[in-house]
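The next block holds one structure in the form of structure tokens; read it before the comments.
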Amino acid sequence: MTDVTVKSLAAEIQTPVDRLVQQFADAGIKKSDVDSVTQQEKEILLAHLNREHGSVPNKLTLQRKTRSTLNIPSTGGKSKSVQIEVRKKRTYVNTPEAEQAKAEEQAQREAEEQAQREAEATAQKIAEEKAKREAEEQAKREAAEKAKRQAAEKEKVTNQQTDEKTKPAQTDKARREAEAAELKRSVEEETRRKVEEDAKRVAEEARKMAAENEGKWPEPVAEQTESADYHVTTSQHARAAEDENDAKVEGDRRSRTRGGKATKQKKGNKLSESKADREEARAVGRKGKRKPSTLQQSFNKPVVAVNRDVVIGETVTVAELANKMAVKGSQVIKAMMKLGAMATINQVIDQETAQLVAEEMGHKVILRRENELEEALMSDRDIGVEAAAEHRAPVVTIMGHVDHGKTSLLDYIRSTKVASGEAGGITQHIGAYHVETENGMITFLDTPGHAAFTSMRARGAQATDIVVLVVAADDGVMPQTIEAIQHAKAANVPVVVAVNKIDKPEADPDRVKTELSQYGIQPEEWGGESQFINVSAKAGIGIDELLNAILLQAEVLELKAVRTGMANGVVIESFLDKGRGPVATVLVQQGTLNKGDIVLCGFEYGRVRAMRDELGRDITSAGPSIPVEILGLSSVPAAGDEVTVVRDEKKAREVALYRQGKFREVKLARQQKSKLENMFANMTEGEVSELNIVIKSDVQGSCEAICDSLEKLSTDEVKVRIVGSGVGGITETDATLAAASGAIILGFNVRADASARRVVETEGLDLRYYSVIYSLIDEVKQAMSGMLAPEYKQQIIGLAEVRDVFKSPKFGAIAGCMVTEGVIKRNNPIRVLRDNVVIYEGELESLRRFKDDVSEVRNGMECGIGVKNYNDVRTGDVIEVFEIIEIKRTIA
């Protein structure tokens, strides 16, 4: 081959000249762009590049497409033509295994040639040495014989001696050549035998290595024949003829399509039949005994398990998890059963369960965060980082036991009459107010003290800075007082104790201090950290001292907040107003909330259409520690949800819908989670009576508290099921739901509209209104008590001792008895006792006194008793008469 320059070679292989020169230098060949390159240097460069980058197996792919027509007979003697297009593909791969086998064969052949050459050289060398040694020995023998002979007649005998000397030499030479040839043959046979043994050993090692590699993922060596195109092995003329036939078939199809009618094929028309048609006809002629196609694919089942990276979201179904791990759904269900969880293939499971199952099956789990949109929305907020934090008013929550004077104390501070407006004189939802004092502003949260409002008190403690614990001086520490202390400690909030009702004669502040010290509230005069202020909400005693104590505690806490930027806060209370829509009471914690802001509140979103303070006045903005009512949300938010102002309303809507969907999925995943240990409990659920209830309330917090209280009333025999609950008036939808589920409707501070009342009258539903939570809970208890199974008690009413036994033809054995205790009545159940052991339990059939039938016999009188179906009465037995009394059960 003619040598080329480096520059022309770079142009030929389409690579920069500098890069090619550098590659030659890396391979150990110094070249410039004008130097010539030999074929040997090209091979050296190619070997170097293969070592550096790895060799890619040569691959040749041939594709072919065949179109044909298939006639399918149908009903009515007609036939339907179906156009078939067959695409074939054949790939030739120069696999590394073939190259390795070729290299091994070449190495074996070279080894045999080398061994043969070495054997020939060794044999020739041995033969030459042996011939030389024999020639020397022969020369010595001849010299000895020559010395012994007489030198007589030298001239005459010279020719004769020469002839005699030449003849043995020729004979010896022939013998030496024969021995050398024999030695050469033996050496060649020995060498060939060794070479064959080496070749067998190499072949055996190669076979073992192939057997080991066969157990792993096999390379598609059979790809040449498996995915082969038929036309590759045919001749050029056969391919041309078949292409011409396919072209004619395609032309006929197009002409029929243009003509608008499909002409019927002639039976013997070979031109209109393609290769696929002919194969189909032969298959039908053999009655379905079709020859297996050479295009059949083979699959070798993998032996080694494949570990995958499984990406799991917050919720996933069993079928989706199985697809991610590339296993059957039954295997995932089996793995979950081994872990103690029952599941179906379409069941939604939570992220933790899916992670356990995937790791149990040997896969690597990647947990995916699906709230990226929410994080992006929250990060794109102007929160006034550059602005300096300013002092803000403290948020004070008033907590304590019911009727200890919390609202009355706040009422005196605000100089309003709120307590008189509360139903029953007790607070039923959180009231948020801010008060301007001489020393600064204070925001008060008034929480209910009833036991049903536990979650509302906890919510108030989490949103507050200081807790004012109101304890009545005449009542001391009560259960809700203890609960308030626990909420304050859980929220890590300082406590200021207000000992109320100090003006009463029976007031004992020292007892309150002693009782509170048992729960970790130590007064300052005892060395503790809590301030104790004696107050009277009625007389106004100690109110200024209480406010000063609150402000002093706030100064110690150094409460600060940023007033500029987008606001965030917490929902204190929410309800549905018929004229204004969803209304939420929001306590602003950071920033400034303005009218027109876009807010994201839990599962709800919206634009603030209007803002009002606690007095009902319209305002346009609210800073930190200010409670406001906002209008414009999509629905009623849950109390305790975080309120955040965002920029984009569209993204806020997407985040709210995403939260709703996730909440629903997680809730379903938790509900459907069925453990093996709960199976027996689930089997007996059908025996429990259920009281279905539909609850409507005026505010979200009260509705939540009522639902929690009623669900806690459930027992093993009667279960309270809240069919529906909500905020707002009772509508026709609520009445229809109650009628369909057989539920009673409870309205708390709400009323039913005209359409709902019409459904209630038509269906005969039980509709009740309440304004105090005590009455609601008590009446539900009574309804549950009526659903309890009755309890029966056996009460002994009389004892009679058998003195004698008589025989009666009508009743059999008659016991003559003396009534020793109580009254004996006819037709009552009795027991026969012998030696204080019950031997029979039955019914009293006959009761007589002096041969007269009587209904009862009193203490100290004699009578005759006939026991029904029992004749084994003996003297000395005791007959015990009792009656069964039904006991009315109640819910504790």
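Using N, Cα and C of the backbone, Cβ positions are placed for all residues, glycine too.
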> Of the ranges 16-19, 500-503, 620-623, 712-715, which one does Swiss-Prot list as region 'G4'?
Replying inline: 500-503
> With the ranges 400-407, 520-527, 696-703 to choose from, which does Swiss-Prot describe as region 'G1'?
Replying inline: 400-407
> Which of the three DSSP-derived classes (helix, strand, coil) applies to Gly400 (GTP binding site)?
Replying inline: strand
> So what's the average pLDDT for the region 'G2' (425-429)?
Replying inline: 43
> Can you tell me how the residues of the compositional bias 'Polar residues' (68-82) break down into helix, strand and coil by DSSP?
Replying inline: 3 helix, 10 strand, 2 coil
>> Validating a neighbour-count step here. Other CB atoms within 10 A of the CB of Asp403 (GTP binding site): how many?
In response: 17
> Across all chains shown, how many C-beta atoms besides its own are within 10 angstroms of the C-beta of Gly400 (GTP binding site)?
Replying inline: 29
>> Name the residue among the binding-site residues Lys406, Ile502 whose Cβ has the smallest number of other Cβ atoms within 10 Å.
In response: Ile502
